[in-house]
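First comes the structure, then the notes that go with it.
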């Protein structure tokens, strides 16, 4: 029982820099639904930013937080610097949700990997038990209790998650 409580509360222990190096303390997300997405500017899935923003505008006041984590591990599709990424997202998709510092969502050849993503993947392994993030715009959802309750691949669009998000916000 104690390990279960530790596991569910662990999401709130993370402190991660945003694109401007401001530290975001995940403790502020207690009692909120969090959608965590690894993003890239030059990916075929990049238009998903628009749907993410629509969800953010519609549900932020009810407790939805969306965090975009730029990642350059898939086909070098995020070559921009952090501030350029934010500017591109705002200009092209009207993004107002937080964009974080570039992140290693999977372990690289030097052994570097985001502790947050290591945690998310351990809580919700991917398809057929594959733990690694397969591509840009893979999504993790954390409920109001801090539990990682779902993981969706890149083919699932943000708007396809709307009903699930509404359900979690109602809990």
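Residue numbering: from 1, along the chain as shown.
Every residue gets a Cβ built from N, Cα and C, even glycine.
Copied over from Swiss-Prot, here are the features:
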- 43: active site, cysteine sulfenic acid (-SOH) intermediate (ACT_SITE)
- 43-89: disulfide bond (DISULFID)
Nearest-integer angstrom distance between the alpha carbons (Cα) of residue 43 (active site, cysteine sulfenic acid (-SOH) intermediate) and residue 89 (disulfide bond): 13
Fewest Cβ neighbours within 10 Å, where candidates are the recorded positions 43, 89: 43
